[in-house]
Amino acid sequence: MAPAPPPRRESAGGSDAGGRPPPGPSLPLTLTVLAWLGTGTTMAGLNKWIFATHGFRYPLLLSSLHMLSGVAVGYPLGWARGPPPAPRPRARIYLLSLTFCTSVALGNLGLSYVQLDVAQAVATTTPLVTLLLSGLLGGRRHHPLQYAAMGPVCAGAACSIAGGLRIYQPGCGFLLAAAVLRALKSVQQSLLLQEDRLDALSLLCLTSLPSFCLLFGAAVALEVGPSWEGVLRYDGTLWACVLLSCLGSVLYNLATFCVLSLTSALTVHVLGNVTAVGNLLLSRLLFGSHLSGLSYLGIGLMLAGMFMYHQPDLIAARWAAWPGRGTPRRE
């Protein structure tokens, strides 16, 4: 019997290592990544604006409205595109919905307690968990420098958190739990997109409805039920921001699924650390958050870790070509 093939080693772009070097990113992928980064930063700022400026205290309700907007937009687009998809692995889809709902709910709960820069700093630890889960669940191997890159990424997150002025510990606990679940969610999404051959729109349709049911039920039981009168006292400006946040969540989810189908779960989270700089500046401009020198040091470490992750072959080649690192000549 022939031996089983070894686990494939994944490059930063999601292709197998050992073959021909992958070409540069195509224009559609570049535009999709830019749209994903833009919608993610905008939605995080909108959510913080809703919580901090308008005093909205219903994060689970907001998360359920995000999923309801996915149902309202995804199903008409799916019907207009063509016949409904064939039967799918329902158990994996429901498990993904449960993971997704819990991660989003915990993320919004944490964001209602802490500043946006602290929330982003905690979220930057997600690639480390994704690296471990992708190896355990997906059997993927990575370049040694990609493992080493997680050091500055996590150290940068620690410095950014230490540089914050006000850290509410329960809020950070919510965010850390959300980071772990977000990593698991991305691995589940990647398996459905790449192994089960689902497209972004189909995955949005299949996960939005069960996610809405779970989140709305939790919101009614924990938030709206005890104080439903408080929902009615908000003005139209708040609901306009909520509507924009819902539309942004649909675009963000679609862009996330597209990037996942073209790259990998780990690449998505490492790329997501690019938004750290934008969110830190946004938090300073909108909410007056203080940024210390340690926070800026953390940003630099995170960016250095990102470069190590995305360019391991380039770093290894430059290190091998460094004077004195070549093979010694024989006399």
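Even glycines carry a Cβ here, placed using N, Cα and C.
Quick caveat, the model's predicted, so the values are computed rather than measured.
Record features (TrEMBL):
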- 1-24: region 'Disordered' (REGION)
- 27-46: transmembrane segment (TRANSMEM)
- 29-309: domain 'Sugar phosphate transporter' (DOMAIN)
- 58-79: transmembrane segment (TRANSMEM)
- 91-111: transmembrane segment (TRANSMEM)
- 201-224: transmembrane segment (TRANSMEM)
- 293-309: transmembrane segment (TRANSMEM)
Selected stretch (most C-beta pairs under 8 A with the transmembrane segment (201-224)) from 27-46, 58-79, 91-111, 293-309: 58-79
Per-region confidence, the domain 'Sugar phosphate transporter' (29-309) (mean pLDDT, whole number): 79
